[in-house]
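**Student:** I'd like to ask you about the structure that follows.
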Amino acid sequence: MSSIIDVYAREVLDSRGNPTVEVEVYTEAGAMGSAIVPSGASTGVHEAVELRDNDEKRFLGKGVETAVDNVNLEIADELVGWDVFDQVGIDNYLIELDGTENKSRLGANAILGVSLAVAKAAADENGQRLFEYIGGVNGKTLPVPMMNILNGGQHADNNVDIQEFMIMPVGGENFKESLRIGTEVFHNLKNVLKSRKLNTAVGDEGGFAPNLESNEEALQTIVEAIKKAGYEPGKDVMIAIDAAASEFYEDGKYNMAGDNAVRTSDEMIEYYKNLVEKYPIISIEDGLAEDDWDGWKKLTQELGSKIQLVGDDLFVTNVKRLQKGIEMGVCNSILIKLNQIGTLTETLDAIELAKRHGYTAVISHRSGETEDTTIADVAVATNAGQIKTGSTSRTDRICKYNQLLRIEDMLESTAVYDGIKTFYNLSK
């Protein structure tokens, strides 16, 4: 046993210039763990609560001094003397201390910062990397990157309704090679956009947000970039999309302004079936709204054996909502965002539940990120097989990829990279 002797939080900034919480945990043996909490742009209504000060005189109301004070003035005193290796006990106690269903009293940003810093301090105490501490000898699978290279929806100001268009370089023999493939496609995409005199500035997650005319033009442009990079779409590189459909769901219909169309759930399903037939799409995230359970069930029946259907806003990394999805036969994959649920233990529980029922898990960043690389370690530790952490642009995204390169080097010959086999639950 090694006791926690101090817990300290401060207000720092994320990649969008918004305040967030950083927490440090110290042990009696001299170990230290530090974690910075990310923040989302499009958030599901069922997510754990990110506590903001709502004081318009500071950071336009986005300050997090209340969450910081909750760590320094309440949580810290409770954890002093606690065994740093008792991750489950600490996380469960933090949930109990908060006392709400959605962590709205102390704030999920306060609780998660502490939870992750505890894990990092424990790893430091053991002389281990975080992925080794969480995953043990079995944590050795490098994830296929899901790289956001074109943006629409809430992430852009253009005529594209679908929020994210991503590439998945499945053709590499290892993570390092796949990262290179994805990077080369990204640079070729920039050249394609430049040749059309389109904007090549990057957004929050490092993707381009040019003024394209439609969702299909975005897909066509990506296919062109893949080919120009010297790779074969559908073999070396697959496409994934995040529709973020809750953002354009109104009064039971899907209002896709870019397509000048208002669609029902059934019409959205036909729309996706058509896209999957025409383009090398392997994964659709948030294809329907977060509470359109019946629509999701139909979508899964129609496409669930052919492509990955990822629940993000639908599941919000929540075991209860995932269990409902499993029982209804909804989706075949879950997006894992640590700050949606608020503790490391609950995150690992969600991944484990997904795996037990044949669902894949995609470890994900948020729009507001930092230099913190926790998700890279979690992806390897849990053998998730996939990571969504932006394009190969912006240091807040690159740092996760660089951490994965380091981990792959450390694992040497024991490292595993599954490529297309990461979609083990598909029939095609």
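A Cβ is built for glycine as well, from the same backbone N, Cα and C atoms used for every other residue.
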**Student:** For the Mg(2+) site that Swiss-Prot assigns to D242, D312, which of the candidates E213, E270, E285 is also assigned?
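**Tutor:** That Mg(2+) site, as Swiss-Prot gives it, pairs D242, D312 with E285.
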**Student:** Look up D242 (Mg(2+) binding site) in the DSSP assignment and reduce it to helix, strand or coil.
**Tutor:** strand
**Student:** Any idea what the Cα distance is from D242 (Mg(2+) binding site) over to Q163 ((2R)-2-phosphoglycerate binding site), rounded to a whole Å?
**Tutor:** 6
**Student:** Neighbours of the Mg(2+) site D242, E285, D312: Cβ within 8 Å of the Cβ centroid, same chain, sequence order.
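**Tutor:** Near the Mg(2+) site, the remaining chain residues are Q163, E164, A243, A244, I284, D286, V310, G311, D313, L335, K388.
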**Student:** In the structure shown, with every protein chain counted, which of the binding-site residues Q163, S367 has the densest set of Cβ atoms within 10 angstroms of its Cβ?
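**Tutor:** Per the Cβ count, the most surrounded site is Q163.
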